[in-house]
Amino acid sequence: MESRGKHLTNFTAVTQAPPVCPNGTLDVIARNNGSDLLMYSRFAPPINEMVEKVSYPLWCSLGLPGSLLSIYVWSRRNMRKQGSVAAAVYQAALGWVDLFFFLVQLMWYLHTAWRLRTLDHSVICEGFAIANYLIQYASPMLTLVFTVERYIAICFPFRAGARNFGNSCRSALHVVLASIVFCALLASVQGVFYTITNGNCGLRPDFEQEGEPEWLFYTGWIMFTELLMFGLVPIICLILNILVIRALHKISHDEAAASKRERLLPRPPTTTSCNRYSTTSSVYLPQLEASFNERQSKQSSTLTLLCVSFYLIFAHLSVAVMVVLYIILPMGDTCMTDEEISKDPTWRRHFRFFTVRSLIESFGISHYA
């Protein structure tokens, strides 16, 4: 399951005194040692735990070989020569992002699905929070980068700098590195939020005090970055993709109209004169053929990038919607007894939604495969 969707709140953590209900008993979170992981494993439908344990191995078995193959294919010299250089660089970069995602998520999988406490160690706790968000920020950011590249190449091919942006390997690498640095700066703040407390990895106590400045900063930062990277960026990609598709449709329509006019125009009579065969024809015909092949290859690269972009947009937005709904929908009265919780309609609805969310988030990480 995608750990970003939970904002890392599923780390087992007891950072405050156990909350006591008016009836003198502990609330449901405190009764489960302060861990919502234990609470969900106890009350949520069994399919949720099965999804937790099966999802990562399934997508990892597909994603690791696929990422390595993508890196190998798009890093080859002939791929950079035949098609768009920028497209090859960005696809190879996405392959590296997908590869590191599965390596980093192994720690989260062992921690949540098998309760192995792999994150409950100093430095690892803070480092995982940064690395996890860095990788998940990089995926939509790189999608935006090559979507902008395709938009410029298709819609403004003759603008100053457009060809350099789309065909220079060095400039593409610079853009990718700048994107990674930007994502790293955003993700580095997560290292401030998490630490080891009482032997468990979780939010620092200062950021859990509702209404305090630290809590306001934490919630504000999470909402800002979530809306920016997983809301605004996919929407911008979607708009640019629509504009690219419209431009491609217009180009195809214009080419078809031009071809039709050529067929309707009268042709000059052919002649067998040797003057017909200019020495320049042997020079320009290969160039025209090479130009046509380059154009066909770039259209193929554009189609590939559009498919990848649309899939990433759909995957990110579906998880983002689940996160928003999870915040909006109430959990239920935490002071109920275990027996009352198992029968309460609000709690039962919450646990059903949590299971649906697990399935959606399991699909959400499929774009890394």
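Positions of Cβ are set from backbone N, Cα and C atoms, glycine also.
Heads up, TrEMBL stuff is auto-annotated, nobody curated it.
Feature annotation from TrEMBL assigns transmembrane segment to 56-75 (among others).
As a whole-number mean, the pLDDT of the domain 'G-protein coupled receptors family 1 profile' (66-323) in this prediction is 80. The domain 'G-protein coupled receptors family 1 profile' annotation in TrEMBL covers 66-323.
The annotation transmembrane segment is assigned in TrEMBL to 87-110 (among others).
Here TrEMBL flags 130-152 (among others) as transmembrane segment. Sequence-distant contacts of the transmembrane segment (130-152), counting only residues of its own chain at least 6 positions beyond either end whose CB sits under 8 Å from a CB of the stretch, comprise 2-4, 8, 84, 86-87, 90-91, 93-94, 97-98, 100-101, 104-105, 108, 159, 162, 165-166, 172, 175-176, 179-180, 182-184, 186-188, 190-191, 225, 229-230, 233-234, 236-237, 240-241, 243-244, 302, 305-306, 308-309, 312-313, 316, 367-368.
Remote same-chain residues near the transmembrane segment (173-196) are listed as 8, 11, 86, 89-90, 93, 120-122, 125-127, 129-134, 137-138, 141-142, 145, 149, 165, 202-204, 207, 218, 221, 225, 229 (criterion: CB distance under 8 Å, separation of at least six residues from the stretch ends). Per TrEMBL, the feature transmembrane segment maps to 173-196 (among others).
Per TrEMBL, transmembrane segment is recorded for 216-244 (among others). Here the transmembrane segment (216-244) has Cβ contacts under 8 Å with residues 4, 7, 133, 136-137, 140-141, 143-144, 147-148, 150-151, 154-155, 186, 189, 193, 203, 207, 302, 306, 309-310, 312-313, 316-317, 319-320, 323 of the same chain, all six or more residues outside its ends.
The transmembrane segment feature in TrEMBL is assigned to 303-329 (among others).
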